[in-house]
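S.K.: The structure's right below; bear with me while I get my questions together.
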Amino acid sequence: MDPKYQRVALNDGHFMPVLGFGSYAPPEVPRNRVVEVTKLAIEAGFRHIDSAYLYNNEEQVGLAIRSKIADGSVKREDIFYTSKLWCTFFRPQLVQPALESSLKKLQLDYVDLYLIHFPMALKPGETPLPKDENGKVMFDTVDLCAIWEAMEKCKDAGLAKSIGVSNFNRRQLEMILNNPGLKYKPVCNQVECHPYLNQSKLLDFCKSKDIVLVAHSALGTQRHKLWVDQNSPALLEDPVLCALAKKHKRSPALIALRYQLQRGVVVLAKSYNEQRIRENVQVFEFQLTSEDMKVLDDLNRNFRYVVMDFLVDHPDYPFSDEY
């Protein structure tokens, strides 16, 4: 089997490719560019495509996937597609319609994975970040277990092959796992994870529960000003990472991606640069030594790029706990 297509078994019997393409692009990127780069990613060897309602690009990503199926490059079952339920649809009766709306945009019959994007409910409606007259984001209170039960119904209906969560901390995961009516465990928890925030405790916890950790922002984010402090350190310029890159004759990005794969983490690589998209698939062509891994572990400083500070007062804000 081509190493590019390495997959990990999920706790529900499905399989997830260990390298994924993160499709988020800032609003200033033209939407037709999304179609081009998603096609490029599939041509380069990516089989796992990660998107979300919030990214406002599912029509374009769906078009790219369907065109690569139409030209015979891939079959639908070769592609592992992830979408995410946004926080303004956190009412049990809104969950399946939200997924159906994503499927309509994608023009696909099912998603391979549907995630709860963040554990924080916002006021229901069509505005992704609903604000009051003072410009404060409007929260909602819900029982996350009731939302999870609605996710389970999406799986039963065949609209999502697998279901999981994103940006949940240990306490929030345990709440779902301990729900007396639990039918399906989350297959994964997708969280920010990179050498500056290696999530070792959360990773150990997830492994103990047979939940896959998926790393977003694995290259330190695109530093989009809505989400990321512009003074935050640039991960890919880290001297230790750059020294390892030089040693292996690879880019710092490849070292950061390889680090995750060797820890048993599924990693998402986000790039809209054609050369880097092709380069990121080379992550299967080399290995880091145990000494290299230790050096990378030592870079951890529990530094989070995506803090979502405008939601810090939310009762379900996930990042105040240690992990």
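Placement of Cβ uses the backbone N, Cα and C atoms for every residue, glycine included.
Checked Swiss-Prot, it gives:
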type: BINDING; residues: 20-24, Asp50, 166-167, Gln190, 216-221, 270-280; note: NADP(+) binding site
type: SITE; residues: Leu54; note: site 'Important for substrate specificity'
type: ACT_SITE; residues: Tyr55; note: active site, proton donor
type: SITE; residues: Lys84; note: site 'Lowers pKa of active site Tyr'
type: BINDING; residues: His117; note: substrate binding site
S.K.: Mind giving me a neighbour count for Lys84 (site 'Lowers pKa of active site Tyr')? Other Cβ atoms within 10 Å of its Cβ, every protein chain shown.
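M.R.: I count 26 other Cβ atoms within 10 Å of it.
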S.K.: List the binding-site residues among Gly20, Tyr24, Gln190, Gln275 whose C-alpha is within 10 Å of the C-alpha of Leu54 (site 'Important for substrate specificity'), in sequence order, or say none.
M.R.: Tyr24
S.K.: Tell me whether His117 (substrate binding site) sits in a helix, a strand or coil according to DSSP.
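M.R.: His117 (substrate binding site) sits in coil per DSSP, no helix or strand.
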S.K.: Which one of these binding-site residues, Gln190, Ser271, Gln275, has the sparsest Cβ neighbourhood, judged by other Cβ atoms within 10 angstroms?
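M.R.: Fewest other Cβ atoms within 10 Å, among the binding-site residues Gln190, Ser271, Gln275, is found for Gln275.
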S.K.: Around the Cβ of Gly20 (NADP(+) binding site), how many other Cβ atoms lie within 10 Å? Please give the count over every shown protein chain.
M.R.: 27
S.K.: Within 10 Å of the residue listed as 'substrate binding site' by C-alpha distance: pick out those among the binding-site residues Gln190, Gln275, Glu279, and say none if nothing qualifies.
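M.R.: So the list reads Gln190.
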S.K.: Quick one, of the recorded positions Leu54, Leu219, which Cβ has the fewest other Cβ within 10 Å?
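M.R.: Checked Leu54, Leu219; of these recorded positions, fewest Cβ neighbours within 10 Å: Leu54.
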